[in-house]
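Have a look at the structure below before the remarks.
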Amino acid sequence: MYKIGNIYFIAAVAVIGGALFGFDISSMSAIISTQPYLCQFNQLGHNEKGLCLGPTNDVQGGITAAMPGGSWLGALCSGFVSDTFGRKRSIQIGSVIWIIGSIIVCASVNIPMLVVGRIINGFSVGICSAQVPVYISEIALPSKRGRLVGFQQWAITWGILIMFFICYGCSFMKGTAAFRVPWGLQAIPAALLFLGLVFLPESPRWLCKKDRWDEAKDVLTLVHGKGNPNSPWVHREMQEIREMVEFERANADVSYFELFKPNMINRTSIGVFTQIWSQLTGMNVMMYYITYVFTMAGLADGSENAVLLPSGIQFVINVVMTIPALLWMDRWGRRPTLLVGAFFMCLWLCVNAGLFAVYSRPARPGEFTSPAESMAITGAPAKAVIASTYLFVASFAPTWGPVSWTYPPELYPLRLRGKAVALCTSANWAFNFALAYFVPPAFANITWRTYVIFATFCAAMFIHVFFMFPETANKPLEEVEEIFDDTKPGAIKYIGTPAWKTRNTRNLTLKQEHNDTLSSEEKIGFEEHAHKETTGR
(Lines of atoms letter the chains of each structure in order from A and count residues from 1; the text may use other names and numbers.)
(Lines give C-alpha, C1' and ligand atoms only; values in the text may rest on other atoms or scores of the structure.)
Protein backbone atom coordinates (compact mmCIF):
# COMPACT_ATOMS: atom_id res chain seq x y z
CA MET A 1 0.00 0.00 0.00
CA TYR A 2 1.17 3.53 -0.78
CA LYS A 3 2.73 5.26 2.23
CA ILE A 4 3.15 9.00 2.79
CA GLY A 5 6.67 10.04 3.80
CA ASN A 6 6.28 13.76 4.52
CA ILE A 7 7.26 14.04 8.18
CA TYR A 8 4.99 17.02 8.83
CA PHE A 9 2.00 15.17 7.40
CA ILE A 10 2.87 12.12 9.50
CA ALA A 11 3.00 14.26 12.64
CA ALA A 12 -0.20 16.12 11.73
CA VAL A 13 -2.16 12.87 11.45
CA ALA A 14 -0.62 11.20 14.50
CA VAL A 15 -1.26 14.10 16.86
CA ILE A 16 -5.01 13.87 16.30
CA GLY A 17 -4.55 11.38 19.15
CA GLY A 18 -3.59 14.36 21.31
CA ALA A 19 -6.60 16.33 20.10
CA LEU A 20 -8.84 13.65 21.62
CA PHE A 21 -7.58 14.69 25.06
CA GLY A 22 -8.38 18.31 24.22
CA PHE A 23 -11.89 17.41 23.13
CA ASP A 24 -12.52 15.72 26.44
CA ILE A 25 -11.23 18.65 28.52
CA SER A 26 -13.47 21.26 26.95
CA SER A 27 -16.44 18.95 26.45
CA MET A 28 -16.56 18.84 30.25
CA SER A 29 -15.41 22.36 31.18
CA ALA A 30 -17.86 24.05 28.80
CA ILE A 31 -20.81 21.96 29.92
CA ILE A 32 -20.60 21.57 33.70
CA SER A 33 -22.17 24.98 34.33
CA THR A 34 -25.08 24.66 31.84
CA GLN A 35 -28.61 23.89 32.96
CA PRO A 36 -29.27 20.92 30.60
CA TYR A 37 -26.27 19.12 32.12
CA LEU A 38 -27.05 20.14 35.70
CA CYS A 39 -30.67 19.03 35.35
CA GLN A 40 -29.88 15.70 33.66
CA PHE A 41 -27.43 14.71 36.41
CA ASN A 42 -29.05 16.64 39.26
CA GLN A 43 -28.50 15.47 42.85
CA LEU A 44 -28.79 18.69 44.85
CA GLY A 45 -32.26 19.78 43.78
CA HIS A 46 -32.99 23.40 42.90
CA ASN A 47 -32.07 26.82 44.27
CA GLU A 48 -34.36 29.76 45.09
CA LYS A 49 -34.43 30.74 41.41
CA GLY A 50 -35.61 27.29 40.36
CA LEU A 51 -32.29 26.40 38.71
CA CYS A 52 -30.88 22.88 38.89
CA LEU A 53 -27.84 22.58 41.15
CA GLY A 54 -26.46 19.42 39.51
CA PRO A 55 -24.27 16.76 41.15
CA THR A 56 -22.48 17.23 44.46
CA ASN A 57 -18.90 18.52 44.56
CA ASP A 58 -17.53 15.05 45.19
CA VAL A 59 -19.60 13.46 42.42
CA GLN A 60 -18.70 16.19 39.90
CA GLY A 61 -15.06 15.70 40.83
CA GLY A 62 -15.51 11.97 40.27
CA ILE A 63 -17.18 12.50 36.87
CA THR A 64 -14.37 14.77 35.75
CA ALA A 65 -11.70 12.49 37.19
CA ALA A 66 -13.13 9.37 35.49
CA MET A 67 -11.39 10.28 32.23
CA PRO A 68 -7.87 10.76 33.67
CA GLY A 69 -8.46 7.67 35.79
CA GLY A 70 -9.06 5.63 32.65
CA SER A 71 -6.11 7.38 31.00
CA TRP A 72 -3.82 6.25 33.82
CA LEU A 73 -4.74 2.62 33.16
CA GLY A 74 -4.52 3.11 29.39
CA ALA A 75 -1.08 4.67 29.62
CA LEU A 76 0.23 1.77 31.70
CA CYS A 77 -1.15 -0.77 29.23
CA SER A 78 0.08 1.20 26.21
CA GLY A 79 3.69 0.08 26.65
CA PHE A 80 2.71 -3.58 26.23
CA VAL A 81 0.33 -2.79 23.35
CA SER A 82 2.94 -0.64 21.58
CA ASP A 83 5.80 -3.10 21.98
CA THR A 84 3.61 -5.96 20.77
CA PHE A 85 1.63 -4.45 17.90
CA GLY A 86 3.73 -1.44 16.92
CA ARG A 87 3.55 2.30 17.57
CA LYS A 88 1.17 3.01 14.71
CA ARG A 89 -1.16 0.08 15.39
CA SER A 90 -1.42 0.95 19.09
CA ILE A 91 -2.64 4.45 18.21
CA GLN A 92 -5.24 2.91 15.86
CA ILE A 93 -6.43 0.67 18.70
CA GLY A 94 -6.78 3.76 20.87
CA SER A 95 -8.90 5.50 18.23
CA VAL A 96 -11.36 2.59 18.09
CA ILE A 97 -11.69 2.58 21.88
CA TRP A 98 -12.38 6.33 21.82
CA ILE A 99 -15.28 5.87 19.39
CA ILE A 100 -16.84 3.26 21.70
CA GLY A 101 -16.48 5.54 24.72
CA SER A 102 -17.93 8.52 22.87
CA ILE A 103 -21.04 6.53 21.95
CA ILE A 104 -21.62 5.59 25.59
CA VAL A 105 -21.02 9.14 26.85
CA CYS A 106 -23.35 10.60 24.22
CA ALA A 107 -26.12 8.18 25.21
CA SER A 108 -25.67 8.63 28.99
CA VAL A 109 -28.90 8.82 30.94
CA ASN A 110 -27.40 8.74 34.43
CA ILE A 111 -24.16 9.37 36.27
CA PRO A 112 -22.86 5.74 36.32
CA MET A 113 -23.26 5.45 32.54
CA LEU A 114 -21.48 8.80 32.06
CA VAL A 115 -18.62 7.71 34.30
CA VAL A 116 -18.18 4.39 32.46
CA GLY A 117 -18.10 6.16 29.10
CA ARG A 118 -15.51 8.66 30.33
CA ILE A 119 -13.35 5.86 31.74
CA ILE A 120 -13.37 4.16 28.31
CA ASN A 121 -12.56 7.48 26.62
CA GLY A 122 -9.77 7.94 29.12
CA PHE A 123 -8.32 4.51 28.37
CA SER A 124 -8.06 5.56 24.74
CA VAL A 125 -6.44 8.90 25.59
CA GLY A 126 -3.94 7.09 27.83
CA ILE A 127 -2.79 4.90 24.93
CA CYS A 128 -2.62 7.72 22.39
CA SER A 129 -1.02 10.32 24.66
CA ALA A 130 1.77 7.88 25.58
CA GLN A 131 2.50 6.42 22.15
CA VAL A 132 2.05 9.39 19.79
CA PRO A 133 5.20 11.10 21.20
CA VAL A 134 7.09 7.80 20.99
CA TYR A 135 6.00 7.26 17.38
CA ILE A 136 6.98 10.77 16.28
CA SER A 137 10.26 10.86 18.22
CA GLU A 138 11.35 7.55 16.65
CA ILE A 139 10.63 8.67 13.09
CA ALA A 140 11.72 12.35 13.18
CA LEU A 141 15.13 13.92 12.57
CA PRO A 142 16.82 15.15 15.78
CA SER A 143 16.66 18.82 14.71
CA LYS A 144 12.89 18.57 14.10
CA ARG A 145 11.98 16.18 16.91
CA GLY A 146 11.05 18.82 19.49
CA ARG A 147 8.89 20.73 17.05
CA LEU A 148 7.11 17.63 15.75
CA VAL A 149 6.45 16.05 19.15
CA GLY A 150 5.35 19.51 20.30
CA PHE A 151 2.55 19.20 17.74
CA GLN A 152 1.00 16.85 20.30
CA GLN A 153 0.45 19.74 22.69
CA TRP A 154 -0.70 22.03 19.88
CA ALA A 155 -3.23 19.40 18.83
CA ILE A 156 -4.47 19.24 22.43
CA THR A 157 -4.96 23.03 22.42
CA TRP A 158 -6.80 22.89 19.10
CA GLY A 159 -8.99 20.07 20.41
CA ILE A 160 -9.82 22.14 23.48
CA LEU A 161 -10.60 25.23 21.38
CA ILE A 162 -12.70 23.52 18.71
CA MET A 163 -14.76 21.46 21.14
CA PHE A 164 -15.25 24.44 23.48
CA PHE A 165 -16.87 26.55 20.78
CA ILE A 166 -18.92 23.59 19.55
CA CYS A 167 -20.17 23.30 23.12
CA TYR A 168 -20.75 27.04 23.27
CA GLY A 169 -22.87 26.91 20.14
CA CYS A 170 -24.78 23.87 21.39
CA SER A 171 -25.39 25.55 24.78
CA PHE A 172 -28.19 27.54 23.13
CA MET A 173 -30.00 24.32 22.21
CA LYS A 174 -32.87 23.16 24.37
CA GLY A 175 -32.81 19.95 26.36
CA THR A 176 -30.13 17.28 26.54
CA ALA A 177 -29.08 17.87 22.93
CA ALA A 178 -27.01 20.76 24.33
CA PHE A 179 -24.43 18.23 25.61
CA ARG A 180 -25.25 15.09 23.62
CA VAL A 181 -24.43 16.67 20.26
CA PRO A 182 -20.85 17.73 21.15
CA TRP A 183 -20.23 14.46 23.01
CA GLY A 184 -21.27 12.56 19.88
CA LEU A 185 -19.29 14.75 17.45
CA GLN A 186 -16.02 14.02 19.25
CA ALA A 187 -16.05 10.50 17.76
CA ILE A 188 -15.41 11.89 14.25
CA PRO A 189 -11.71 12.85 14.75
CA ALA A 190 -10.96 9.37 16.08
CA ALA A 191 -12.35 7.84 12.89
CA LEU A 192 -10.19 10.22 10.83
CA LEU A 193 -7.15 9.27 12.93
CA PHE A 194 -7.70 5.56 12.30
CA LEU A 195 -8.07 6.05 8.55
CA GLY A 196 -5.16 8.49 8.28
CA LEU A 197 -2.76 6.11 10.00
CA VAL A 198 -3.43 3.47 7.35
CA PHE A 199 -1.33 5.55 4.94
CA LEU A 200 1.55 6.26 7.35
CA PRO A 201 4.70 4.15 7.88
CA GLU A 202 5.54 2.30 11.09
CA SER A 203 8.34 3.47 13.40
CA PRO A 204 11.67 2.35 11.86
CA ARG A 205 13.14 1.72 15.31
CA TRP A 206 10.27 -0.59 16.28
CA LEU A 207 10.65 -2.42 12.95
CA CYS A 208 14.36 -2.95 13.64
CA LYS A 209 13.53 -4.22 17.10
CA LYS A 210 11.35 -6.86 15.41
CA ASP A 211 14.13 -7.76 12.89
CA ARG A 212 12.25 -6.18 10.00
CA TRP A 213 15.37 -4.42 8.74
CA ASP A 214 14.38 -4.04 5.11
CA GLU A 215 11.09 -2.41 6.07
CA ALA A 216 12.91 -0.09 8.48
CA LYS A 217 15.32 1.00 5.76
CA ASP A 218 12.40 1.58 3.40
CA VAL A 219 10.80 3.87 5.99
CA LEU A 220 14.00 5.84 6.56
CA THR A 221 14.48 6.11 2.79
CA LEU A 222 10.92 7.35 2.37
CA VAL A 223 10.94 9.83 5.25
CA HIS A 224 14.55 11.02 5.46
CA GLY A 225 16.28 9.89 2.26
CA LYS A 226 13.80 11.49 -0.17
CA GLY A 227 13.57 8.15 -1.97
CA ASN A 228 17.32 7.57 -2.14
CA PRO A 229 18.26 4.32 -0.31
CA ASN A 230 21.96 5.24 -0.63
CA SER A 231 21.56 8.51 1.27
CA PRO A 232 24.44 8.93 3.78
CA TRP A 233 21.92 10.03 6.43
CA VAL A 234 19.86 6.85 5.97
CA HIS A 235 23.00 4.73 6.16
CA ARG A 236 24.20 6.49 9.31
CA GLU A 237 20.79 6.25 11.00
CA MET A 238 20.48 2.54 10.17
CA GLN A 239 23.95 1.91 11.57
CA GLU A 240 23.18 3.70 14.84
CA ILE A 241 19.88 1.86 15.26
CA ARG A 242 21.52 -1.50 14.47
CA GLU A 243 24.26 -0.92 17.04
CA MET A 244 21.73 0.06 19.69
CA VAL A 245 19.42 -2.90 18.98
CA GLU A 246 22.31 -5.38 19.12
CA PHE A 247 23.58 -3.86 22.34
CA GLU A 248 20.16 -4.02 23.97
CA ARG A 249 19.65 -7.63 22.94
CA ALA A 250 22.79 -8.54 24.80
CA ASN A 251 21.11 -7.34 27.99
CA ALA A 252 18.21 -8.59 30.04
CA ASP A 253 14.63 -8.72 28.81
CA VAL A 254 12.59 -5.58 29.29
CA SER A 255 10.27 -5.17 32.24
CA TYR A 256 8.97 -2.23 34.23
CA PHE A 257 11.27 -3.28 37.08
CA GLU A 258 14.29 -2.44 34.94
CA LEU A 259 13.25 1.22 35.00
CA PHE A 260 13.94 1.25 38.74
CA LYS A 261 17.42 -0.27 38.63
CA PRO A 262 20.27 1.99 39.85
CA ASN A 263 21.48 2.81 36.35
CA MET A 264 17.96 3.83 35.22
CA ILE A 265 16.28 5.30 38.30
CA ASN A 266 17.56 8.82 37.65
CA ARG A 267 16.12 9.18 34.17
CA THR A 268 12.96 7.35 35.23
CA SER A 269 12.42 9.92 37.96
CA ILE A 270 13.13 12.76 35.52
CA GLY A 271 10.61 11.48 32.98
CA VAL A 272 7.96 10.73 35.59
CA PHE A 273 8.36 14.11 37.27
CA THR A 274 8.23 15.93 33.94
CA GLN A 275 4.68 14.66 33.60
CA ILE A 276 3.81 15.06 37.29
CA TRP A 277 5.01 18.67 37.36
CA SER A 278 3.07 19.47 34.18
CA GLN A 279 -0.08 18.56 36.10
CA LEU A 280 0.94 20.29 39.32
CA THR A 281 1.27 23.58 37.45
CA GLY A 282 -2.52 23.59 37.73
CA MET A 283 -3.05 24.15 34.00
CA ASN A 284 -5.46 21.30 33.34
CA VAL A 285 -7.35 22.26 36.47
CA MET A 286 -7.74 25.70 34.94
CA MET A 287 -9.07 24.05 31.81
CA TYR A 288 -11.58 21.81 33.58
CA TYR A 289 -12.92 24.40 36.01
CA ILE A 290 -12.32 27.77 34.32
CA THR A 291 -16.04 28.53 34.33
CA TYR A 292 -15.99 28.35 38.14
CA VAL A 293 -13.18 30.91 38.34
CA PHE A 294 -14.79 33.33 35.89
CA THR A 295 -18.20 32.99 37.53
CA MET A 296 -16.61 34.01 40.85
CA ALA A 297 -15.05 36.96 38.98
CA GLY A 298 -18.52 38.17 38.02
CA LEU A 299 -18.62 37.17 34.34
CA ALA A 300 -21.77 35.04 34.60
CA ASP A 301 -23.88 38.21 34.56
CA GLY A 302 -27.04 36.29 35.36
CA SER A 303 -26.79 34.05 32.28
CA GLU A 304 -25.52 30.49 32.18
CA ASN A 305 -23.97 31.12 28.73
CA ALA A 306 -22.34 34.49 29.50
CA VAL A 307 -19.31 32.94 31.20
CA LEU A 308 -18.52 30.57 28.31
CA LEU A 309 -17.31 33.12 25.76
CA PRO A 310 -14.70 34.84 27.99
CA SER A 311 -13.64 31.38 29.18
CA GLY A 312 -13.05 30.48 25.54
CA ILE A 313 -10.52 33.31 25.19
CA GLN A 314 -8.04 31.37 27.29
CA PHE A 315 -8.32 28.46 24.87
CA VAL A 316 -7.50 30.81 21.97
CA ILE A 317 -4.49 32.06 23.93
CA ASN A 318 -3.46 28.45 24.54
CA VAL A 319 -3.46 27.68 20.80
CA VAL A 320 -1.68 30.87 19.73
CA MET A 321 1.00 30.80 22.43
CA THR A 322 1.93 27.19 21.64
CA ILE A 323 3.13 28.28 18.17
CA PRO A 324 6.40 29.91 19.38
CA ALA A 325 7.40 26.63 21.00
CA LEU A 326 6.75 24.71 17.78
CA LEU A 327 8.97 27.15 15.87
CA TRP A 328 11.79 27.65 18.34
CA MET A 329 11.67 24.92 21.00
CA ASP A 330 14.67 23.12 19.52
CA ARG A 331 16.57 26.40 19.38
CA TRP A 332 15.67 27.31 22.97
CA GLY A 333 16.44 23.86 24.38
CA ARG A 334 14.42 21.92 26.95
CA ARG A 335 15.95 23.22 30.21
CA PRO A 336 15.59 26.99 29.65
CA THR A 337 12.03 26.55 28.41
CA LEU A 338 10.96 24.60 31.50
CA LEU A 339 12.70 27.02 33.89
CA VAL A 340 11.14 30.13 32.36
CA GLY A 341 7.69 28.54 32.35
CA ALA A 342 7.88 27.48 36.01
CA PHE A 343 8.97 30.99 37.08
CA PHE A 344 6.16 32.87 35.33
CA MET A 345 3.43 30.39 36.27
CA CYS A 346 4.46 30.71 39.91
CA LEU A 347 4.25 34.49 39.56
CA TRP A 348 0.70 34.56 38.14
CA LEU A 349 -0.60 31.99 40.63
CA CYS A 350 0.74 34.15 43.47
CA VAL A 351 -1.00 37.19 41.95
CA ASN A 352 -4.34 35.35 41.80
CA ALA A 353 -3.93 34.08 45.36
CA GLY A 354 -3.20 37.60 46.61
CA LEU A 355 -6.13 39.16 44.75
CA PHE A 356 -8.66 36.63 46.04
CA ALA A 357 -7.20 36.75 49.56
CA VAL A 358 -7.42 40.53 49.83
CA TYR A 359 -10.41 41.54 47.71
CA SER A 360 -12.85 38.60 47.64
CA ARG A 361 -15.78 37.89 49.94
CA PRO A 362 -17.52 34.60 50.71
CA ALA A 363 -20.29 33.73 48.26
CA ARG A 364 -23.80 34.39 49.60
CA PRO A 365 -26.27 31.46 49.85
CA GLY A 366 -27.87 30.87 46.46
CA GLU A 367 -25.58 33.34 44.69
CA PHE A 368 -23.92 30.64 42.56
CA THR A 369 -25.08 27.19 41.46
CA SER A 370 -21.96 25.26 42.57
CA PRO A 371 -20.53 25.08 46.11
CA ALA A 372 -17.07 25.22 44.47
CA GLU A 373 -17.88 28.81 43.49
CA SER A 374 -17.15 29.83 47.06
CA MET A 375 -15.86 33.39 46.60
CA ALA A 376 -16.98 36.53 44.81
CA ILE A 377 -14.71 39.29 43.56
CA THR A 378 -15.74 42.40 41.65
CA GLY A 379 -14.38 45.57 40.08
CA ALA A 380 -10.75 46.11 39.15
CA PRO A 381 -9.50 43.13 41.23
CA ALA A 382 -11.85 40.82 39.28
CA LYS A 383 -10.44 42.12 36.00
CA ALA A 384 -6.94 41.54 37.36
CA VAL A 385 -7.86 37.92 38.20
CA ILE A 386 -9.07 37.40 34.64
CA ALA A 387 -5.91 38.99 33.19
CA SER A 388 -3.66 36.97 35.50
CA THR A 389 -5.44 33.77 34.48
CA TYR A 390 -4.89 34.57 30.81
CA LEU A 391 -1.20 35.33 31.48
CA PHE A 392 -0.84 32.03 33.34
CA VAL A 393 -2.14 30.19 30.25
CA ALA A 394 0.22 32.23 28.05
CA SER A 395 3.12 31.14 30.28
CA PHE A 396 2.22 27.45 30.20
CA ALA A 397 1.43 27.14 26.49
CA PRO A 398 4.95 27.68 25.03
CA THR A 399 6.82 25.98 27.88
CA TRP A 400 5.59 23.07 29.97
CA GLY A 401 2.74 22.30 27.56
CA PRO A 402 4.78 21.03 24.59
CA VAL A 403 8.03 20.19 26.41
CA SER A 404 6.32 17.81 28.85
CA TRP A 405 5.40 15.62 25.84
CA THR A 406 8.66 16.10 23.94
CA TYR A 407 11.12 15.47 26.76
CA PRO A 408 10.30 11.97 28.17
CA PRO A 409 10.68 9.99 24.89
CA GLU A 410 14.15 11.51 24.46
CA LEU A 411 15.45 10.12 27.75
CA TYR A 412 15.26 6.36 27.23
CA PRO A 413 16.97 3.63 25.17
CA LEU A 414 14.92 1.92 22.46
CA ARG A 415 14.16 -1.30 24.32
CA LEU A 416 12.75 0.60 27.30
CA ARG A 417 11.20 3.57 25.52
CA GLY A 418 7.69 2.21 25.03
CA LYS A 419 7.26 1.11 28.64
CA ALA A 420 9.17 4.10 30.08
CA VAL A 421 7.04 6.68 28.30
CA ALA A 422 3.94 4.69 29.26
CA LEU A 423 5.01 4.89 32.92
CA CYS A 424 5.70 8.63 32.64
CA THR A 425 2.36 9.30 30.98
CA SER A 426 0.55 7.18 33.56
CA ALA A 427 1.99 9.48 36.24
CA ASN A 428 0.51 12.42 34.33
CA TRP A 429 -2.92 10.82 34.36
CA ALA A 430 -2.69 9.70 37.98
CA PHE A 431 -2.13 13.30 39.06
CA ASN A 432 -4.68 14.59 36.56
CA PHE A 433 -7.20 12.24 38.17
CA ALA A 434 -6.29 13.36 41.69
CA LEU A 435 -6.38 17.06 40.86
CA ALA A 436 -9.64 16.85 38.89
CA TYR A 437 -11.20 15.28 41.97
CA PHE A 438 -9.45 17.64 44.40
CA VAL A 439 -10.20 21.08 42.98
CA PRO A 440 -13.99 21.46 43.49
CA PRO A 441 -13.75 20.56 47.23
CA ALA A 442 -10.57 22.68 47.47
CA PHE A 443 -12.27 25.80 46.14
CA ALA A 444 -15.22 25.09 48.44
CA ASN A 445 -13.13 24.57 51.60
CA ILE A 446 -9.78 26.38 51.34
CA THR A 447 -10.82 28.94 48.69
CA TRP A 448 -7.90 31.15 47.50
CA ARG A 449 -5.30 28.99 49.24
CA THR A 450 -5.76 26.53 46.36
CA TYR A 451 -3.68 28.94 44.25
CA VAL A 452 -0.95 29.00 46.92
CA ILE A 453 -0.61 25.22 46.72
CA PHE A 454 -0.04 25.30 42.96
CA ALA A 455 2.36 28.25 43.24
CA THR A 456 4.44 26.23 45.70
CA PHE A 457 4.56 23.34 43.25
CA CYS A 458 5.80 25.69 40.49
CA ALA A 459 8.61 26.94 42.75
CA ALA A 460 9.59 23.35 43.57
CA MET A 461 9.66 22.30 39.92
CA PHE A 462 11.96 25.24 39.05
CA ILE A 463 14.53 23.97 41.55
CA HIS A 464 14.12 20.34 40.45
CA VAL A 465 14.60 21.17 36.75
CA PHE A 466 17.69 23.27 37.39
CA PHE A 467 19.58 20.58 39.28
CA MET A 468 18.33 17.34 37.70
CA PHE A 469 16.97 17.80 34.15
CA PRO A 470 19.70 17.52 31.44
CA GLU A 471 19.50 19.11 28.01
CA THR A 472 18.43 16.66 25.26
CA ALA A 473 17.52 19.02 22.41
CA ASN A 474 18.99 18.23 18.98
CA LYS A 475 20.73 15.05 20.11
CA PRO A 476 20.13 11.70 18.35
CA LEU A 477 18.24 9.43 20.72
CA GLU A 478 21.21 7.07 20.84
CA GLU A 479 23.54 9.96 21.81
CA VAL A 480 21.41 10.89 24.82
CA GLU A 481 22.67 7.66 26.39
CA GLU A 482 26.07 9.28 26.89
CA ILE A 483 24.60 11.97 29.13
CA PHE A 484 23.55 9.34 31.65
CA ASP A 485 26.81 7.36 31.48
CA ASP A 486 28.12 7.58 35.05
CA THR A 487 31.47 5.91 34.23
CA LYS A 488 32.92 8.99 32.48
CA PRO A 489 35.34 11.35 34.28
CA GLY A 490 33.41 14.08 36.07
CA ALA A 491 30.15 12.15 36.03
CA ILE A 492 28.03 11.66 39.14
CA LYS A 493 27.29 8.11 40.28
CA TYR A 494 23.87 6.90 39.01
CA ILE A 495 23.25 10.34 37.45
CA GLY A 496 25.88 10.90 34.75
CA THR A 497 26.79 14.35 33.46
CA PRO A 498 25.46 17.06 35.85
CA ALA A 499 22.33 18.57 34.31
CA TRP A 500 23.55 22.17 34.46
CA LYS A 501 26.62 21.24 32.39
CA THR A 502 24.68 19.85 29.43
CA ARG A 503 24.24 22.02 26.34
CA ASN A 504 22.02 22.37 23.28
CA THR A 505 23.94 21.29 20.15
CA ARG A 506 21.50 22.62 17.53
CA ASN A 507 24.00 24.07 15.05
CA LEU A 508 26.13 20.92 15.08
CA THR A 509 23.12 18.67 14.55
CA LEU A 510 21.89 20.73 11.61
CA LYS A 511 25.31 20.52 10.01
CA GLN A 512 25.40 16.76 10.47
CA GLU A 513 21.93 16.28 8.97
CA HIS A 514 22.29 18.55 5.96
CA ASN A 515 25.94 18.11 5.01
CA ASP A 516 26.40 14.48 4.09
CA THR A 517 29.69 15.16 2.32
CA LEU A 518 31.93 16.19 5.20
CA SER A 519 35.63 15.57 4.81
CA SER A 520 37.41 13.23 7.22
CA GLU A 521 38.96 16.19 9.04
CA GLU A 522 35.58 17.91 9.36
CA LYS A 523 34.00 14.73 10.72
CA ILE A 524 36.68 14.36 13.37
CA GLY A 525 36.33 18.01 14.36
CA PHE A 526 32.56 17.72 14.44
CA GLU A 527 32.62 14.65 16.68
CA GLU A 528 35.07 16.28 19.11
CA HIS A 529 33.03 19.49 19.24
CA ALA A 530 29.72 17.64 19.62
CA HIS A 531 31.11 15.55 22.47
CA LYS A 532 32.31 18.68 24.25
CA GLU A 533 28.97 20.43 23.80
CA THR A 534 27.02 17.37 24.93
CA THR A 535 28.96 16.69 28.10
CA GLY A 536 29.97 20.24 28.98
CA ARG A 537 33.66 19.23 29.03
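Using the three backbone atoms N, Cα and C, a Cβ is placed for every residue, glycine included.
Per TrEMBL, the features are as follows:
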- 6-23: transmembrane segment (TRANSMEM)
- 10-473: domain 'Major facilitator superfamily (MFS) profile' (DOMAIN)
- 96-116: transmembrane segment (TRANSMEM)
- 122-142: transmembrane segment (TRANSMEM)
- 154-175: transmembrane segment (TRANSMEM)
- 181-200: transmembrane segment (TRANSMEM)
- 270-294: transmembrane segment (TRANSMEM)
- 306-327: transmembrane segment (TRANSMEM)
- 339-360: transmembrane segment (TRANSMEM)
- 380-400: transmembrane segment (TRANSMEM)
- 420-439: transmembrane segment (TRANSMEM)
- 451-469: transmembrane segment (TRANSMEM)
- 512-537: region 'Disordered' (REGION)
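Within the model, the domain 'Major facilitator superfamily (MFS) profile' (10-473) shows a mean pLDDT value of 88, rounded to a whole number. Long-range Cβ contacts of the transmembrane segment (270-294) within its own chain (Cβ-Cβ under 8 Å, at least 6 residues beyond either end) map to 25-26, 28-30, 32-33, 64, 160, 300, 307-308, 310-311, 314-315, 341-342, 345, 349, 370, 372-373, 385-386, 389, 392-393, 396, 400-401, 403-404, 407-408, 411-412, 420-421, 423-425, 427-428, 431-432, 435-436, 439-440, 443, 451, 454, 457-458, 461, 464-465, 468-470. With a cut-off of 8 Å between Cβ atoms, the residues of this chain six or more beyond the transmembrane segment (380-400) that come close are 153, 157, 277-278, 281-283, 286, 290, 293-294, 297-299, 310, 313-314, 317-325, 337-338, 340-342, 344-345, 347-349, 351-352, 355-356, 358-360. Taking every listed stretch (122-142, 181-200, 339-360, 451-469) in turn, the largest tally of C-beta pairs under 8 A with the transmembrane segment (96-116) is reached by 181-200.
With a threshold of 8 Å between CB atoms, the same-chain residues lying at least 6 positions outside the transmembrane segment (154-175) that come near it are 15-23, 25-27, 29-31, 34, 36, 181-182, 185-186, 189, 287, 304-305, 308-309, 311-312, 315-316, 318-319, 322-323, 326, 397, 401-402.
Within its own chain, the transmembrane segment (339-360) is flanked in space by residues 277, 281-283, 296, 375-377, 379, 381-382, 384-385, 388-389, 391-392, 395-396, 398-400, 403, 447-449, 451-452, 454-455, 458-459, 461-462, 465-466, which lie at least six positions past its ends and keep a Cβ under 8 Å from the stretch. Long-range neighbours of the transmembrane segment (6-23) within the same chain, counting only residues 6 or more positions beyond its ends whose Cβ lies under 8 Å from a Cβ of the stretch, are 71, 91, 94-95, 98, 121, 124-125, 128-129, 131-132, 135-136, 139-141, 144, 148-149, 151-163, 186, 189-190, 192-193, 196-197, 200-201, 223, 405. With respect to Cβ pairs under 8 Å, the transmembrane segment (122-142) is most closely packed against 420-439, considering the stretches 181-200, 306-327, 420-439.
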